[in-house]
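Engineer: Positions annotated as FAD binding site by Swiss-Prot, on the basis of sequence analysis: G13, A14, G15, P16, A17, G18. Residues annotated as NADP(+) binding site in Swiss-Prot, with sequence analysis given as evidence: G180, C181, G182, N183, S184, G185.
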Amino acid sequence: MEKEIKILVLIIGAGPAGLATSACLNRLNIPNIVVERDVCSASLWKRRSYDRLKLHLAKQFCQLPHMPFPSNTPTFVSKLGFINYLDEYATRFNVNPRYNRNVKSAYFKDGQWIVKVVNKTTALIEVYSAKFMVAATGENGEGVIPEIPGLVESFQGKYLHSSEYKNGEKFAGKDVLVVGCGNSGMEIAYDLSKCNANVSIVVRSQVHVLTRCIVRIGMSLLRFFPVKLVDRLCLLLAELRFRNTSRYGLVRPNNGPFLNKLITGRSATIDVGCVGEIKSGKIQVVTSIKRIEGKTVEFIDGNTKNVDSIVFATGYKSSVSKWLEVDDGDLFNENGMPKREFPDHWKGKNGLYSAGFGKQGLAGISRDARNIARDIDSLVCGRSSKNKLSK
């Protein structure tokens, strides 16, 4: 049985991007519905993140539109603090997602987006008809585990994606290999080490390592100075803090951290103590994995190591291509990412938008939400809402 539902704007995804977009539309009195496949909003934060997680950027760079963090909130907000903030945000702006909705298909027909959704609670098919559709599932739709010879068919230990990792308590005394040296990888490696696991970390590429304070200084200065000048200052501060990290297998890219982010989309890694553990020898840096047999991992440099568990902090991928049958909005590529780079990534044709795909973190989500709401408002009401949404 199918249930037909008509709405002006359909938002797919109830993470920060979906909540922010709905909130901006609600402030303009534009009808919208948010559908979410999970049982809660912000499920990546509530159900798929590790316990010690904090926002890696200062709070002023992470707040959503129209609701700054309270002045007594710590500069770097904890996981629980951010979850509470998101829940309060949804309540304040009357965002009420429909949970347990799994989008099966979406296509454009006769001036409307037709979106078929399975209500996992009732098993009914809901068919939404919307003039505008916002893909707000973001860049972190699904965890990625690379294909490694022997991993699936031979490995005798346990392997998991970083989204399944909570803390290192059950890994105490175990030999654990962390794959990936981004923020999740470095922080999980540090957490494991502090829980008395024997930790190695795979560093497959060049990486900038900075502190939260250095990043905060850099982001503040970018408002006034060229990116290359800010990069030089941040690298000087990083050199004073860490000295020569290449001695420990952490080689910096040729471009500075902020320029590298603009070019590659890859952020600097924020150190929470992992570099100190690496310098002391408590965490060993290793090269890329070549193959796995039993519990033995062979690396591309010929070295081997026996491990009990592997944690893959190897990132995420978009899930848009699974349900967007034909991109009649000319917005997404075959990998479910926008065809156009930031800042032109958020708007397609035929009323299709993307929120949270600009590789700009939470600050980018806020910009996307405001841009989308203003654009829809101008198309529906023929008015400028710039002032109303800039507060």
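Each residue's number is its place along the chain shown, starting with 1.
Cβ from N, Cα, C; glycine included.
Could you place the listed features in the three-dimensional structure?
Structural biologist: Mapped onto three states, the DSSP output places G15 (FAD binding site) in coil.
A helical conformation is recorded for N183 (NADP(+) binding site) in the three-state DSSP classification. Around the Cβ of N183 (NADP(+) binding site), 19 further Cβ atoms fall within 10 Å across all displayed protein chains.
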Engineer: Using G15 (FAD binding site) as the reference point, find which of the binding-site residues C181, S184, G185 has the shortest Cα-to-Cα distance to it.
Structural biologist: S184
Engineer: Between P16 (FAD binding site) and G182 (NADP(+) binding site), how far is it from one CA atom to the other, in Å?
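Structural biologist: About 21 Å separate the Cα atoms of these two residues.
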Engineer: If you count the other Cβ atoms within 10 Å of each Cβ, which of the binding-site residues G180, G182 comes out on top?
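Structural biologist: Counting Cβ neighbours within 10 Å, the top one is G180.
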Engineer: Cα of N183 (NADP(+) binding site) to Cα of A14 (FAD binding site): how many Å, rounded?
Structural biologist: 23
Engineer: Sequence gap of 6 or more, Cβ distance under 8 Å: name the residues on the same chain that satisfy this around G18 (FAD binding site), in order along the sequence.
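Structural biologist: The list for G18 (FAD binding site) reads I11, I12, V34, E36, S41, P97, V134, A136, T137, A355, given in order along the sequence.
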Engineer: Please list, in sequence order, every residue of the chain apart from G13, A14, G15, P16, A17, G18 whose Cβ lies within 8 Å of the Cβ centroid of the FAD site.
Structural biologist: I11, L19, A20, T21, V34, E36, S41, A42, A136, T137, G138, A355, G356
